[in-house]
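Chemist: The structure follows.
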Amino acid sequence: MTILELLDYAGVAVFAATGALAASRKQLDIIGFLFLAAVTGVGGGTFRDLVLGAAPVFWVTNPTYLLVCVGVGLLFYFTAHLFESRYRMLLWLDAIGLSAYSVMGAAKGLAATGSPTVAITTGVMTASVGGILRDLLAGEPSVLLRPEIYVTAALGGAAAFTALTFAGVPLSVASVIGALVAFGVRGGALRFAWRIPVYRHQPGRHPDDVM
Amino acid sequence: MTILELLDYAGVAVFAATGALAASRKQLDIIGFLFLAAVTGVGGGTFRDLVLGAAPVFWVTNPTYLLVCVGVGLLFYFTAHLFESRYRMLLWLDAIGLSAYSVMGAAKGLAATGSPTVAITTGVMTASVGGILRDLLAGEPSVLLRPEIYVTAALGGAAAFTALTFAGVPLSVASVIGALVAFGVRGGALRFAWRIPVYRHQPGRHPDDVM
Amino acid sequence: MTILELLDYAGVAVFAATGALAASRKQLDIIGFLFLAAVTGVGGGTFRDLVLGAAPVFWVTNPTYLLVCVGVGLLFYFTAHLFESRYRMLLWLDAIGLSAYSVMGAAKGLAATGSPTVAITTGVMTASVGGILRDLLAGEPSVLLRPEIYVTAALGGAAAFTALTFAGVPLSVASVIGALVAFGVRGGALRFAWRIPVYRHQPGRHPDDVM
């Protein structure tokens, strides 16, 4: 198993775990756990494959990914209540998934097109779509709208991987460094509440007050 | 017209009806009815076709499906207010659509890959995506998060169809039994408020209280 | 650059601007601006390409579209607070994007299939998906559910373009007239609060009161 394959399975497994934790927070039944685990686990990679024209998508070609989601969903169904804070755990696992997937997405985008712009975009997309779908389906506030740095971490990982690959660094080294960059940024944001300074604050009014 | 084709048109028509009922609840105009009818009617099948690599998707190849959605949308635009409870009707029609689509989705997944894991997954996906999109777009609480059994019914129908097909049962018989299994489970859940016992209850706290 | 190419870049740019304005209303950081700008800018065209079987999608084949989104996102990051009403501006830019994309979507659907039904559907879909994704991701009330005419404008533009093309009118003329029809309808709705009379008003009750 190559580093990239390992990152791929790790990304699916930890994103599936965050889906199962969201299901636990919403007190869904066991099939709800499996459903959210699968959607979150394979959602980002599914969209990546679709826009790159790589259909049938990866889990249709290799259903092992689905079985990983089922296994993780079952595990968390029986253990999720043991964790003191499921939401905190969800965020940290999400950070790991984000790191693995930002590199995987960039690697697939780069292999398919050779364009760094596309690679960085598919990296960010792959890393964020699973969590977005999870939050939408579970009715949680979107991780995108939380004040801590999120998309920036995925962008950092994808950009680092892409730049290193163009610089001739071997794929395995570039992958590990890219994932570490993404995890460093997102982990720092979670641990120390890092935020990018906002240019100018001015919250939006409610649409009905504007019209 | 084969049994599978019949299930296909029936699934599109009844899901389109649930979309029109959601539009009626939100007091949308006639084009809003047609829009939600079409999205709900063909949404699940569209994602199924995309992940299986069957693009252009079914309603691009055969626009009759769109005309079915338009017809159903018009019908409900002029009659939706006559029903005593549009939401109850929405749920029962959704149950029929779920049953038809869980079998159709599994059949297409099985035909495309031969994998039972993929077949069950595309069955559940086809049956649930239309309703998820409808609820997201109409701003309704997602059927996924309601306490009655939902995804489990789709899983039951898709699994029954897949198992019977592998056991050598003719396609038409397997289709009818699969759809009846799904409808029996979902109908029972609606009529008798069936729920799968949850392993351990513990609602999630608000993200801001956790961080 | 043909009229259609111009409409295409214009649609991407103004939809990207609406995404950046939504990011500004939610006080996201700069990467959040770029993310919402890109999702809104290319979202509609991405789904259009996917259902038509035109994968890899347009921005994978030609990453210039992504750079347009990045440029627009940066511009609005530094200037959005200068506008008196960002939401009103968002709606008017959205109206321009809707007009450009309803024609572009219909043109691609017609070229791919020759079916007027498919052309009108892909026109409406291309014009509305970007705004739907923007509102979902930013947690704004969906433009779909606002009382003013929205989907109808996209339908008008796509239908006018399709009818004129079938009548033998040159592509460039049909494009301009289609876009003007869509903008006239949506602009009138915004300026004069046009609404299509609803057949019968009757708001939906909360699901829990129905069951």
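The backbone N, Cα and C atoms fix where each Cβ goes, glycine too.
Annotations in TrEMBL come from automatic prediction, not curation.
The domain 'Glycine transporter' annotation in TrEMBL covers C:6-80, C:91-164. Positions annotated as transmembrane segment by TrEMBL: C:6-23, C:30-59, C:65-83, C:90-111, C:173-194.
Can you tell me where each of these features sits in this structure?
Modeler: Residue counts for the domain 'Glycine transporter' (C:6-80) under DSSP (helix as H, G, I; strand as E, B; rest coil) come to 63 helix, 0 strand, 12 coil.
Note on the domain 'Glycine transporter' (C:91-164): mean pLDDT across this stretch is 90.
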Chemist: If we skip the immediate neighbours and take only residues 6+ beyond the ends of the transmembrane segment (C:6-23), which ones have a Cβ under 8 Å from one of its Cβ atoms?
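Modeler: For the transmembrane segment (C:6-23), the far contacts come to 32-33, 35-45, 65, 68-69, 72-73, 75-77, 80, 86-87, 89-90, 93-94, 96-97, 100-101, 103-104, 130-131, 134-135, 138, 140, 175, 179.
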